[in-house]
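Participant: Pasting the relevant annotations from TrEMBL:
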type: DOMAIN; residues: 115-237; note: domain 'CUB'
type: DOMAIN; residues: 243-356; note: domain 'CUB'
type: TRANSMEM; residues: 362-388; note: transmembrane segment
Amino acid sequence: PCDLDSMPNLELSAVAPTFLTFPVHQSPRKESCPLRLWTEKQGQTIRLEVMSRDTECGPRGVTVLDGYTVKAPSFGSLCDNRVIRGSSHNMVLNPVERTRTADVYIKLSVLNASCNGIVQKKKAIHDQVSKLPELANSETGQAHDLNCTYLLESDRSSDLVEVSLKGSLVAWGEYDCHGDFVTFYDGNSTSSPVLTTWCGTPGQARRVVSTGPRILVILTTDSYHSYLGVKMTYYALPKEGNCPRETILTANSTEQRFTSPNYPMYYPMNSYCTYKLTAPLEQHVILEVTFSSLENDCSDKVQVYDGHEQAHENYLGRWCGDERPQFRSKGNKLLLLFSADDEYNTGGFEAKFRAVAEENSLLFPITIGILLLLIIVSIVAVVIYICVHRKRKLQRT
């Protein structure tokens, strides 16, 4: 019988959507029975979408209840609603008139509470890489029918927010985003400019950066195929290129240090920083890189020049990746140019420098001259000794 206290139950799968035609059960008297839907975890909710229904609805319709029993709050009839999102892990489908219920074909999806269309605010922090909830794993792929919305924002109006992405929402070899994708808005609402729509196709950038302190992230998936999924991390950083255009450093006998912007965290993308090191006259600048974490392909790099002019004849070398070279100026000046692109950024670099006295230019030739003189005197003395020794020997004989 259609007992409201022991109505039929249907557990929904979080892996894939469930498609069914309601009513499912009927009593011996041909009455359509209510159906209780539920999910495994209480933190999940149910999304119902009407795929097709009888054209004659009205009194033959189905009421949707947001809860465990028929006394739960009503969303209204499936005649009036095409998509219904529940607020709990239970939902009841209750026929309006049990003896003349029209068939309705519906799709039921399990959503995480965070993916129910509600905007979740997340704080983006300097020196801290945070993660959005993982929406992928290698076994099941991403879930279906998601509408995950996150507003990532920094407390500083001068900041940007950067999001990094891993994974894929399309099949291998696909070049178009359709069905499953992530949309990034350059602001706090969907009326803000769209930065990009990402699904992990070949050639798509794996990092997205806002132009201000807020970025709205919306992940949408459909009811069909699922692939690798997506993992997203984010953090706040200074506005791009936020380093002094020219940093003047004075070298002396005391060891000093300088770093890339925002060190030891990620330096801003599109950085272009100039460092001018100067030692007292007749001294040299000694530079030693103590830490480096730049892109290995040298798209982010530091170039070093002798003097303060960026000229080919002054070029001493460069470093990138994890290289830790040393440089010595020919005169009393060094020029360093740190440049970064807009694709990827890492931990930056740290270097130390000091001034050393110039070697006396006459000391070396004088030393060599003295040594040569000593050699000549020694040779002459030996020759004289041999000659004297032979003369005495002849006199004895």
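Positions of Cβ are set from backbone N, Cα and C atoms, glycine also.
TrEMBL does not curate its annotations; it predicts them automatically.
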Participant: Go through the chain and flag residues at least 6 beyond the ends of the transmembrane segment (362-388) whose CB is under 8 A from any CB in it; none is fine as an answer.
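Facilitator: Tertiary neighbours of the transmembrane segment (362-388) are none.
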Participant: With DSSP helix as H/G/I and strand as E/B, how many residues of the domain 'CUB' (243-356) fall in helix, strand and coil?
Facilitator: 3 helix, 56 strand, 55 coil
Participant: Quick one: DSSP breakdown of the domain 'CUB' (115-237) into helix, strand and coil?
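Facilitator: Helix (H, G, I), strand (E, B), coil: 1 helix, 58 strand, 64 coil.
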